[in-house]
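Per TrEMBL, these features apply:
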- 20-39: transmembrane segment (TRANSMEM)
- 51-74: transmembrane segment (TRANSMEM)
- 94-119: transmembrane segment (TRANSMEM)
- 131-153: transmembrane segment (TRANSMEM)
- 165-185: transmembrane segment (TRANSMEM)
- 205-226: transmembrane segment (TRANSMEM)
- 238-261: transmembrane segment (TRANSMEM)
- 290-313: transmembrane segment (TRANSMEM)
- 334-354: transmembrane segment (TRANSMEM)
- 360-384: transmembrane segment (TRANSMEM)
- 396-418: transmembrane segment (TRANSMEM)
Amino acid sequence: MSEVAVEKQNQISFLRVLKAIGPAIVVASVVLGPGSILSNSKVGATYGFDMIWVLGLASLFMALTVFLAAVLGISYEKSPFTEIAQRLGRPFTILTGLVFFLITSCFQFTNNLAIIAVVNIASGDQAPGSFFAQYGATIVIILVNLGLVWALYGSSAPYQFIEKLMMLMVGIMLVGFIANLLVVQPPLGEVALGLIPQLPAGGDIVMVLGMFATTYSIAGAFYQIYGVREKKWTRDDLANGIVDSIVGIMVLGGISFVIMVTSATVLRGSNVETVTDVAKQLNPLIGPRAEWMFCIGLAAGAFSSLLVNALIGGTALSDSLGLPASVNDSPVKLFTVAGLAIGMGVAIVINWLNLPTVNLIVTAQALTVVGVPLLAFAMLFLSIHLPKSLLKVSACAIASCALVIALVLSGRMVLILVEKLSQ
């Protein structure tokens, strides 16, 4: 083969890889919200490098589950909840859709809280009684959500627009956090030891569950089914699904890893309670401006997941009710706006009450694991009804693991909540 032909073939292969990347990046962008950033930072500061193996395990399961969702999306002619409703009835899909919507709403208000936290830091130099100090965060968060509504209704191809925007936001986070990691120079030996499974005694299991839930998001993975349908992928695009899943979750796991290792190197043993505390991990890079740089990354994470997260809940709820489930359809847009409004309203109230932002975000992420078994069961049910093939065996195995993990996480979280309520 001539050099020209080889070069052309390499270009085609590279373009194919670029073309394959998309739906899983959207999933990664919604998972890489402020909850993930803050949870990984707090775990790194508390446990050092000891929980890296948990992050690796969560990323592995996430990649497998995202690929499973891609397989389900290209294997069924109808939408997932339509397929389930034909076999289990509409009441089950409505229940699952409502749970899905509530889970995404829980993530949604944490995204808004992160933006409010950034605005509050920006207004820190303002006089306490000034207009901006009192109402700046509320005004900004309302304008942001109105802008997202405009983007949703104003774009002729909303999914393609969202896909490109998410790639940009994820790219900003990736470059910023990796640059910081190179400067702090973590001890590679200790990082390697963090890959060995171990559970430190006396730790805050809620914090670890929150971190695991932000990385292994079954709700986020479930949306991959709709993502590949928006791309109109077929079984011929299965290779694209593999590439997409690997690249998307490598980005998700990679950024989470960088954040945790950086925090473990700089903040280990520190008491992380506010966004300012977490921002200190950037001090080795730019000194006192670390807080601002972290806020830029935090804002990018919030923006990257704010609209997509509401879109996930809106799409699932619309589909569960038997309504159209495409981004271009009016019911999906209506429910998406409802999700945006709920997240914005709850965040504004929490800001007015001056509740601690970081602890609320981490706890909210952990609470989401209570509802995910329904989503895991839905994926297992769809896997069981795939046509007989080796792919079906793999799909059922992955879905079964997802359900077991969801049940274990949920059971543990329920016990923790019962213990706290009984005190």
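Placed from the backbone N, Cα and C atoms, the Cβ positions cover glycine too.
TrEMBL: automatically predicted annotations, no manual curation.
When the stretches 51-74, 131-153, 238-261, 290-313, 396-418 are ranked by Cβ pairs under 8 Å to the transmembrane segment (205-226), first place goes to 51-74.
Between the transmembrane segment (51-74) and the stretches 94-119, 165-185, 396-418, it is 396-418 that has the most C-beta pairs under 8 angstroms. Residues of the same chain lying 6 or more positions beyond the ends of the transmembrane segment (290-313) and with a Cβ under 8 Å from any Cβ of it are 26, 29-34, 36-38, 100-105, 107-108, 111-112, 114-115, 117-118, 121-122, 144-145, 148, 151-152, 162, 165-166, 169-170, 172-173, 176-177, 180, 219-220, 222-223, 275-276, 278-283, 327, 332, 335-337, 339-340, 343. By the Cβ criterion (distance under 8 Å, sequence gap of 6 or more), the transmembrane segment (334-354) is not counted as touching the transmembrane segment (396-418), fewer than 3 such pairs being found.
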